[in-house]
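Here's the structure we're looking at; comments come further down.
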Amino acid sequence: MEAHKDMEAHRDTLLSEEPLLENSIERRSEKIIDIKGVKHHTTDSWRACTYILVTECFEELAYYGIQFNLVTFLKTVLHENNVTAARNYSNWQGTCYIAPLVGAIIADSYLGRYLTTVVFFTVYLVGMAAMSISASFPTCAGPDCLQDGSFKSFVFFLGLYMMAIGAGGIKPCVSSFGADQFDDSIPAERLKKDSFFNWFFFAIYIGSFVSGTAVVWVQDHCGWVVGLGIPTLFIAFAIASFMLGSSSYRFQKPLGSPIVRVFQVLVAATRKWAIRVPRDDSLLHEAPEMVDVHKLQHTPELRFLDKAAVISSDDEIADPWRLCTVTQVEELKVVVGMLPIWATGIVYFSVLAQFSSTFLEQGRTMNKQVGAFAIPPASLASFDAVSVIFWVPVYDRVLVPAARRLTGRERGLSELQRFGAGLLLSVLVMAAAALVEMRRLALARGEGLSSMSILWQVPQYFLVGASVVFACVGQTEFFYNEAPPSMRSLCSALALLTVALGSYLSSLVVTAVAWLTTGGGEAGWIPDDLNEGHLDRFFWLLAAMSALNLAVFVCCARRYSRKNVY
């Protein structure tokens with residue numbers, strides 16, 4: 001009897017901590033199935049996620065095994081010049097971050113995240129195999145070659161873009177699929193899900209670090225057949241790891257095309273532009289109680305869209321292009337509400353892009369000799385991965401419990417607080433780089449050479465890693481947790497899109513600075529010889545951009561209203 005009372009008290013406590021109706025918990029269970037299509041109420045979430053984390057580590061090892069040395073391969077093996085190699089690299093990178101939109105739409109609309117991941121992994125593996133095989137072909141120099149190079153180039157680029165489509169297609173699915181393994185209706189499961197995102201990025205950067213050290217070394221010293229064969233082998237390992245966990249996974253059924261649902265709301269609201277929205281929200285159209293639907297509560301923002309849920313005649317109830325549900329309208333409101341937060345990510349990634357561009361240029365002008373060793377500037381980029389590997393356990397095991405005690409919140413910091421902390425760290429990153437550059441210029445111009453050790457770049461790379469742990473993980477959590485269930489893959493893809501747009505913005509800023517600072521015969525801020533320029537001013541400009549971006553983010557975060565599920 002006492003045990004029964006304790007169970008009832010514990011149940012009441014959980015329901016009070018999480019203001020969900022009992023039937024909403026049942027609805028979530030109804031839409032969760034196992035691989036055989038049977039309802040799946042419980043799961044050993046961490047066991048399932050272990051397979052996903054191993055899969056992600058192997059996949060990123062393969063991905064970065066191509067990315068880190070792609071320009072080198074294009075120049076030394078395919079004999080491309082600097083401009084062509086840089087253009088091909090940029091085009092490939094852009095494809096990698098555009099493809100997530102395709103993968104996300106397929107996952108949310110038709111196949112679900114599991115099958116979409118399997119399909120794009122298959123494309124990924126075929127592409128990697130094609131690149132590996134092309135490395136064994138002799139370079140063609142005769143009249144029978146293709147006009148743009150050789151059959152070797154054709155096979156390599158075919159494989160490269162298949163790999164880009166495959167890698168991009170799985171990016172929005174794997175992290176979301178991992179988070180799907182946790183039941184949000186149980187507080188303990190929510191905490192596990194928060195921790196999962198931390199270790200997901202830990203797995204990414206373990207793969208990045210191994211590729212940036214061991215795989216790149218093999219490619220440089222053992223040849224490209226072996227150097228490209230290793231990433232191909234690890235993609236096969238990634239697929240095997242993912243498939244081995246199939247019996248442990250929970251699967252969420254796709255809920256239909258999110259793009260179609262969005263356009264249905266816009267079309268229905270536009271058709272009823274002259275209709276007044278009733279003050280009583282209960283008069284708006286909502287679907288009846290259904291086991292497969294997460295319902296969203298009505299909110300007063302963007303009242304024009306509410307017109308889509310106003311019933312003007314009985315014959316429109318069966319036409320989704322004339323009448324939408326409140327939940328469908330609120331899904332669009334949620335996405336629109338997230339866009340200002342999303343936009344601040346573009347500026348953030350434009351700043352973060354410097355660690356693989358201007359930071360390397362800065363390093364090349366510094367004293368690279370440390371004892372008997374000469375440190376290549378690109379090697380310091382791996383310190384970014386080391387920093388992430390260091391900060392993830394510190395955040396998960398030290399900072400979160402401390403923040404939980406200070407704030408009284410179960411997760412310590414909210415997703416937006418975490419993202420904001422990462423934006424603040426990005427300001428410190430550029431300030432540290434600017435201070436180092438000011439000192440380097442003073443030494444170079446005073447002594448005729450730069451005697452400043454390249455190790456002075458370590459703090460800025462260390463701050464980059466810390467910023468990633470706060471901003472990137474916080475952004476991923478935010479877009480998963482706040483996205484409507486029918487749009488989780490799509491919103492994850494939108495978050496990834498900020499990486500590509502940030503790179504384009506960085507290129508635009510660099511071009512604008514070069515044009516504005518080279519007038520009147522001046523060398524400009526970023527000349528070929530950095531000792532004649534002012535790279536420090538460019539870094540201070542980016543620090544100011546980051547600070548302004550942080551201020552905009554704080555304003556947007558304060559105005560943001562979280563979605564309400566019932």
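Yeah, the Cβs are placed from backbone N, Cα and C, and that goes for glycine too.
These come from TrEMBL:
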| type | residues | note |
| --- | --- | --- |
| TRANSMEM | 114-134 | transmembrane segment |
| TRANSMEM | 154-174 | transmembrane segment |
| TRANSMEM | 195-218 | transmembrane segment |
| TRANSMEM | 224-244 | transmembrane segment |
| TRANSMEM | 332-353 | transmembrane segment |
| TRANSMEM | 373-395 | transmembrane segment |
| TRANSMEM | 416-438 | transmembrane segment |
| TRANSMEM | 458-480 | transmembrane segment |
| TRANSMEM | 492-518 | transmembrane segment |
| TRANSMEM | 538-557 | transmembrane segment |
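Under 8 Å from some Cβ of the transmembrane segment (332-353) lie the Cβ atoms of residues 261-262, 265-266, 296, 299, 301-302, 305, 416, 419, 422-423, 426, 429-430, 464, 467-468, 471, 475, 478-479, 482-484, 487, 491, 494-495, 498-499, 501-503, 505-506, 509, 542, 545-546, 549, 552-553, 556-557, 560-561, 563, all in the same chain and six or more residues away from its ends. Using a Cβ-Cβ cut-off under 8 Å and counting only residues 6 or more beyond its ends in the same chain, the transmembrane segment (154-174) has close neighbours at 52, 55-56, 59, 63, 66, 70, 78, 88, 92, 95-100, 102-104, 106-107, 113, 116-117, 119-135, 137, 146, 148, 489-490, 492-493, 496. The listed stretches are 224-244, 416-438, 458-480; of these, 458-480 has the most Cβ pairs under 8 Å to the transmembrane segment (195-218).
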